[in-house]
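According to TrEMBL, the feature disulfide bond maps to 62-68. Per TrEMBL, the feature domain 'Peptidoglycan recognition protein family' maps to 25-168. According to TrEMBL, the feature domain 'N-acetylmuramoyl-L-alanine amidase' maps to 36-174. According to TrEMBL, the signal peptide annotation covers 1-24.
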């Protein structure tokens with residue numbers, strides 16, 4: 001096998017593994033955490049340009065499905081009540097129980113980053129990530145979710161990844177998580 005054939009083979013193997021990883025991702029539906037119906041959701045047509053990463057700033061995060069579902073339900077209640085959003089603000093929730101939960105889901109406008117809501121997918125990690133990063137499983141789940149969004153046509157191949165702090169004055173998604181996403185391929189300084 002010559003060098004170019006070997007390089008081609010390795011590249012094909014890596015792409016195959018990435019595709020398998022994204023296809024293996026299980027997204028828990030809204031019904032799994034007891035979501036209340038959204039008030040007048042807004043559809044987004046076509047693939048979006050951005051992924052915005054957040055943290056929920058819950059000090060202890062969650063580690064069991066019961067805890068995580070309760071926290072997600074509380075986030076939705078806060079967003080719909082105190083903040084008067086039409087629904088939970090995020091498109092997806094990455095939780096400490098090893099699962100990804102559907103927030104608004106694909107193809108719907110979130111309420112998570114002013115001036116970016118109509119052109120982004122908002123992903124929140126449950127927990128506070130100022131001092132320590134999320135688990136390797138949580139990070140991989142987010143990467144797999146982003147890959148899945150691309151595969152399904154909801155996210156452009158040349159998307160830009162931002163931390164929430166790049167869209168408004170906030171410390172979100174916490175220093176440790178922000179430093180982590182800065183190493184991901186699509187992160188850009190704005």
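From the backbone N, Cα and C atoms, a Cβ is placed for every residue, glycine too.
Caution: TrEMBL annotation is automatic and unverified by curators.
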Check your understanding: What are the DSSP helix/strand/coil residue counts across the domain 'Peptidoglycan recognition protein family' (25-168)?
Key -> 42 helix, 33 strand, 69 coil
Practice item. Inside 10 Å of the Cβ of residue 68 (disulfide bond), count up the other Cβ atoms and send me the figure. Key: 23
Practice item. List the same-chain residues at least 6 positions away in sequence whose Cβ sits under 8 Å from the Cβ of residue 62 (disulfide bond), in sequence order, or say none. Key: 68, 70, 71, 95, 96, 97, 126, 127
